[in-house]
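As recorded in TrEMBL, the features of this protein are as follows:
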ACT_SITE  CYS27  active site, nucleophile
ACT_SITE  ARG33  active site
ACT_SITE  ASP141  active site, proton donor
DOMAIN    21-167  domain 'Phosphotyrosine protein phosphatase I'
Amino acid sequence: MYCLNHCPLMQNLLDTKNKSLSILVVCTGNLCRSPMAEIILREKIRQQKLNISVSSAGTIKMKGKTTPDEKALQALLSQGYCLALSQVRQITQQDFIDYDLIYAMDKTNLADLIDLCPLSCRSKLGLFLSHAPTTEKEVPDPYQRNMTVFHQTAALIEAGAQALIEYWGKNGMATSNNTITNQESMA
């Protein structure tokens, strides 16, 4: 596991107060877990008015697939999430440069990312559930499973997303979009 606490990247993130934090969540095919995490994170970020951008990708290209799995979307829709559909895509070398932090859904995804990632960017990598108050540290793949499994996956991702947002906030990495200045508070 790569350390996201004591590395040059973390210090750079802490030094850029008004910069939007950019997050990439990654699973195998970008069909289930990472699109679910992207949608859940976006909603939590919107609710808390944080200056964070989030996207998702897969470690492999899924032939014939262009949108996330229907069951993944149904699970989120049933819980009230707004579905902004993104296209299924494979991670690129440029992603390792462009994103501040890249979270894998499981240890296999993390190992794949380590293999693909330039050495200079490896400090950006981590597990999505690394800060979650759960016994699980990996999000199991619900692909081709029943709706109950997709709902369980969504709940696990929600816990992970909330833990990450709290972690980013505690470490000064997430800034609010509606920061009030002293003059505004006097009005």
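Glycine residues also receive a Cβ, built from the backbone N, Cα and C atoms like all the rest.
Automatic, uncurated: that is what TrEMBL annotation is.
Secondary structure at CYS27 (active site, nucleophile), as computed by DSSP, is strand. In the predicted structure, the domain 'Phosphotyrosine protein phosphatase I' (21-167) carries a mean pLDDT of 96. All protein chains shown were included, and the count of other CB atoms within 10 Å of the CB of the residue listed as 'active site' stands at 34. Within 10 Å of the Cβ of ASP141 (active site, proton donor) there are 19 other Cβ atoms, across all protein chains. Counted with DSSP, the domain 'Phosphotyrosine protein phosphatase I' (21-167) comes out as 67 helix, 23 strand, 57 coil.
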